[in-house]
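These notes are about the structure you will find just below.
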Amino acid sequence: MTADSWLEEVQELRDMASDIPDEVMVVLVGDMVTEEALPTYQTLLNTFEGCDDPIGTTDSPWAKWSRGWTSEENRHGDLLNKYLYLSGRCDMRSIEVTIQHLITSGFNPGAQKDPYRGFVYTSFQERATKVSHGNVAKLARKAGDKNLSRLCAKIAGDEGRHERAYQQFSEEILKRDPDGLLEVFGEMMRGQIVMPAELMTDGKNPMLYENFSGVAQRLGVYTAIDYADIIKHLVQRWDLEHLEGLSPEGEKEQQYLCRLPERYRKLAERSMNKKKKPNDDEPNMKPFSWIFDREVLVD
C-alpha cells in the first residue's frame, strides 16, 4: 500500500470481491482458517520418529524440508487473510477467534508418531487441499474476481508441489518396506482420513465444521467423490497393483487397497444422488458468523 494508486487498487479489489457469493466466501474462509492453523501442522511434522528437528536449526534433509515447507505454507494463510481483510466482506474478529480456537484445540491425524502414517496422511491431505483451493479459484473466476482466482490457483500450485514431495517420500518407503507401508495405508483408509480443521469453532456454533463442509460439498469444492478419487490417485501413483514379493498380509492389504477406490466412489455417488432428490423439507440454511451471521444453504 505504498504506491500512489493504492487506494484505487483496494477499491478495485473490493468491487470484484463484492460479486463473490456468500457461499463461496464461506468456503474461502474455511480454507483460510485451515491454513492459519499452520503451527499445529509443523508441530505434528516434528513428532514423527526419526524426522524431528530437535534444536530448531538441525541440518538434516528432513529438518530443512519441514522448515521450507512451513515457510511456503505460511504464505497461504497470510495471503488469504489479507484478501479477506481488504475485501470488507467478512467479520474479521469472528474469523480470528475461529483461528485461535482451532490452534488451541489442536488436531490428531492419527499418525501416532509413525513417519509411515505421517507420509501417507500428508500425501493424501496435500492433494485434498490442492483440489479445494483449485475449485475455489474456478468459482472466483466464474464470479469475475480475477484477483482471488489467481491467488487460489497459485496456492493450489504450491500444494501440488508439496503433494508430489510427500508421495515421493512414500514411494521410497515402498521400495524398502512395501509390507509396512501397505499395512499403514490400509489401516488409515479403514479409519478414514481426518480433515485438519475438524475441531474448528467460532465459540458460538458447535456444528461450524459440519456446516462449512456441507457448503463445500454442495458447491463441489471438496466432495466425497474427491475423497474417492484421491485414494485412486495414490493407488495408481504408487502402482500398488503391481507390487511383488509381498508377505501374505501384504497381499491382503494390496487387494483391499486396489479395490477401495471403486467401492468408495460408488458409496459417494449413492450418497450424493440421495441429496439431489427433491423433498418437502425446508432448505437447510445456516448462519455463519464469518459473514456477519448471514445465512447460507448448507446442503
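Just so you know, glycine gets a Cβ as well, placed from its N, Cα and C.
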GLU73, HIS76, GLU159 bind Fe cation 1 per TrEMBL; candidate in GLU23, GLU35, GLU36, GLU198 listed for that same site: GLU35
Residue from GLU12, GLU126, GLU187, GLU210 that TrEMBL also lists as binding Fe cation 2 with GLU73, GLU159, HIS162: GLU126
C-beta crowding around GLU73 (Fe cation 1 binding site), within 10 angstroms: 20
Neighbour-count leader, CB within 10 A, binding-site residues: HIS76, HIS162: HIS76
GLU126 (Fe cation 2 binding site) and GLU159 (Fe cation 1 binding site), distance between Cα atoms, whole Å: 6
Packing count at GLU159 (Fe cation 1 binding site) (other Cβ atoms within 10 Å of its Cβ): 24
GLU126 (Fe cation 2 binding site) CB neighbourhood, other CB atoms within 10 A: 23
Rounded Cα-Cα span from GLU73 (Fe cation 1 binding site) to GLU126 (Fe cation 2 binding site), Å: 11
